[in-house]
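Engineer: Here it is, the structure in full.
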Amino acid sequence: MNRTMFKSKIHRATVTHADLHYVGSVTVDLDLLEAADILPGELVSIVDITNGARLETYTIAGERGSGVIGINGAAAHLMHENDLVILITYAQMTTEEAKAYEPKVVHVDQDNRIIQLGNDPAEGIAPGMTRPPFALNNAAL
């Protein structure tokens, strides 16, 4: 049996632009894609911290070092410039693979520059962010 497991995320990224009249997708700085092990064209879930919207789309590689997080097409009705978002990927794994897998977590600053890489999906490093109550860290599992 395969399980759908958390694979990677880019945490608390800032939307740099939202363009309604563009072919749908999300444009992401190639440095961020590589750090999170996300390929161009890969399915991502995007959660908007600012307004609670959620959607799925695919990635387009953006200029390396640009910090771009561009919401394209119809998704621009839901997510806007300067919104904080989380881009999340999932993968199908066997139970054995899932138990051994270490996800990629990319924390970014307000300019979408990488400030920390990790593998604990519950770790909060941004000011004011705390670990969810009762959440174990990966080392405790």
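Yeah, the Cβs are placed from backbone N, Cα and C, and that goes for glycine too.
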Engineer: Given that Swiss-Prot assigns Gly73, Ala74, Ala75 to the substrate site, pick the one from Thr57, Thr94, Thr95 that the record assigns to that site as well.
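Structural biologist: For the substrate site that includes Gly73, Ala74, Ala75, Swiss-Prot also lists Thr57.
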Engineer: Look at each of the binding-site residues, Ala74, Ala75, and point out the one with the fewest other Cβ atoms around it within 10 Å.
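Structural biologist: Lowest Cβ count within 10 Å among the binding-site residues (Ala74, Ala75) is Ala74.
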Engineer: Determine which residues of the same chain, besides Thr57, Gly73, Ala74, Ala75, have their CB within 8 A of the center of the CB atoms at the recorded substrate site, and list them by sequence.
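Structural biologist: The answer, listed by sequence position, is Gly24, Ser25, Val26, Leu55, Ile71, Asn72, Ala76, Leu78.
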Engineer: If I restrict to non-local contacts, at least six residues apart, and a C-beta distance under 8 angstroms, what lies near Thr57 (substrate binding site) in its own chain?
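Structural biologist: Non-local contacts for Thr57 (substrate binding site): Gly24, Ser25, Val26, Leu43, Val44, Ile46, Gly73, Ala75.
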